[in-house]
Amino acid sequence: MKTVVFAYHDMGCLGIEALLAAGYEISAIFTHTDNPGEKAFYGSVAHLAAERGIPVYAPDNVNHPLWVERIAQLSPEVIFSFYYRHLICDEILQLAPAGAFNLHGSLLPKYRGRAPLNWVLVNGETETGVTLHRMVKRADAGAIVAQLRVAIAPDDIAITLHHKLCHAARQLLEQTLPAIKHGNILEIAQRENEATCFGRRTPDDSFLEWHKPASVLHNMVRAVADPWPGAFSYVGNQKFTVWSSRVHPHASKAQPGSVISIAPLLIACGDGALEIVTGQAGDGITMQGSQLAQTLGLVQGSRLNSQPACTARRRTRVLILGVNGFIGNHLTERLLREDHYEVYGLDIGSDAISRFLNHPHFHFVEGDISIHSEWIEYHVKKCDVVLPLVAIATPIEYTRNPLRVFELDFEENLRIIRYCVKYRKRIIFPSTSEVYGMCSDKYFDEDHSNLIVGPVNKPRWIYSVSKQLLDRVIWAYGEKEGLQFTLFRPFNWMGPRLDNLNAARIGSSRAITQLILNLVEGSPIKLIDGGKQKRCFTDIRDGIEALYRIIENAGNRCDGEIINIGNPENEASIEELGEMLLASFEKHPLRHHFPPFAGFRVVESSSYYGKGYQDVEHRKPSIRNAHRCLDWEPKIDMQETIDETLDFFLRTVDLTDKPS
């Protein structure tokens, strides 16, 4: 049976050996070039392929159409993936009549995603395993073909568990590959309600947070022990690595991170104490705990910290342009809730941020980005993170003022992007779900969905293509000039302070604000083209939490990524949104102050938006990247968002001349 194999690491080597032993004909192997910054303790797939006389390739992008065509020419009957590190596109998966199968190092549906070996140890699991499953477009989500359980002993560390998983994988493949070859397999669908997903880990993720229980810190040490990069902490600015540890149920009133004793080297934790059995100062040699204490100059009562002392005192400076807007003011609130951010903001008004104006770590200037270019350039240079949130993002303006949309949304933002390139500053840029346009995919995927818009004589697409071109410019600056960036795409965020009722009166607002105005004024709710268009509505609190995690950027996981931020479970048509809003309005305690409901009225889009408008029938996000990069998923139900948004706007209405 002819196969093409995607493989890396020890699992890749043993998978290839198992295929050959089972009589498969391997036409080609795709692998990765080794990362010079990674300690290569594992077998080389490339060397094995060369020794076996099998063609081997390591393309940067195996999903490029040229590689898809070359793989198609190989006519594989079945495809296998053994620890290949990139997602394989659906076009390749569909090339094999018998399907494609992946070996994953966990008991799916638990621990989908990256680094399951390390994550199960971090989380203190007592059992894991290996799974062979059918590959589908979504990562690690296909039907299960076979599984083998592996017990995790209390003294297991990453390398010992790795060896156990390799042994289990050999057994699993020996048992299962002949059955696949003969088409004699039983597949079991994964239970989505039991699925968990974890993102990529980097060396920077393994810092020891001493306020946590000793058992949690010990699990971290186990999860990244040699040959992984190791868990680490700091004495002042001196970094040291902990290679092995033990938990002590030591009852101490000492502050977490305090040295309780030198021999053994005991550190107070949030609960109990951690004994550092072996460790390493800086780039030195490994030594036992008490010698490490001497090397670091520790004495009883010394304090350890999770980051360098000089870093701990420095607040991250965040520049938010458009700080008074919907996202800007909510993000400011979230950042100021923490104690390590300094927020600098510019906008043409301050009504939504008035509650922050006296905050010691909030600095605001009233101004226009098209005028205050010198102020902006200075603050881009001064700050660490830049969020240019200024844009015209209301559909009626796309047809009413297309040139103004282009000038503000594209030209002004391009200037800010170039400042970030010039001063080598990190930019977090608000793309938009509008860039997907009329895409027909069930889920809009950041890395694979096509971006489809209408003809030039439909000016409603000027916002979409302006944002898309900026996305591409930012991506190119990242590739060619090292710009540190993340693009995020909000999907219909809703909540208090979304637009205002005055904007709705002139038609320049988002859907829910316009509907609320209709209820407040007793005018009919207009359903554009029947209101059957579906959207996925996202609570502003869920959206801001995801955006906050992008700013935090744990382990630099968000660098160079495009991340949809939306709630695929909160899908509703505009008509359904109106009905839910009406039901909430009718039971609101202020309802009696407002006129009777005037009903729904169907209107044509051309009469409402003007000529040149086209609508999109559905817009549902894939949030795979948000899971992977942010460990995030939305939690808030749409009805709760509607209730809170309505309540906010009703309480802004002057009721003095309303009937009681």
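Glycine residues also receive a Cβ, built from the backbone N, Cα and C atoms like all the rest.
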Pick the one from ARG70, ARG114, ARG149 that Swiss-Prot also lists for the (6R)-10-formyltetrahydrofolate site with HIS86, LEU87, ILE88, VAL136, LYS137, ARG138, ALA139, ASP140. ARG114
Among ASP339, ASP347, ASP351, which residue does Swiss-Prot annotate as binding NAD(+) at the site that also has ASP368, ILE369? ASP347
May I ask for the distance between HIS86 ((6R)-10-formyltetrahydrofolate binding site) and ASP347 (NAD(+) binding site), taken between their Cα atoms and rounded to an integer number of Å? 41
Reduce the DSSP letter at HIS104 (active site, proton donor) to three states and note it down. strand
Using a 10 Å cut-off, grab the number of neighbouring Cβ atoms around the Cβ of VAL136 ((6R)-10-formyltetrahydrofolate binding site), all chains included. 16
Return the residues near GLU434 (active site, proton acceptor) by Cβ distance under 8 Å, restricted to its own chain and a separation of at least 6 in sequence. TYR463, SER464, LYS467
Could you check which of the recorded positions (ILE88, ASN102, VAL136, ASP368, ILE369) sits closest to ARG619 (active site, proton donor), going Cα to Cα? VAL136
Counting across all protein chains shown, how many other Cβ atoms sit within 10 Å of the Cβ of ASN102 (site 'Transition state stabilizer')? 24
Conformational class of GLU434 (active site, proton acceptor) under the three-state DSSP mapping: helix
Which site among ASP347, ASP368 has the most other CB atoms no more than 10 Å from its CB, taking these as binding-site residues? ASP347
Counting all other Cβ atoms within 10 Å across every protein chain shown, which of the recorded positions HIS86, HIS104, ARG138, ARG619 scores highest? HIS104
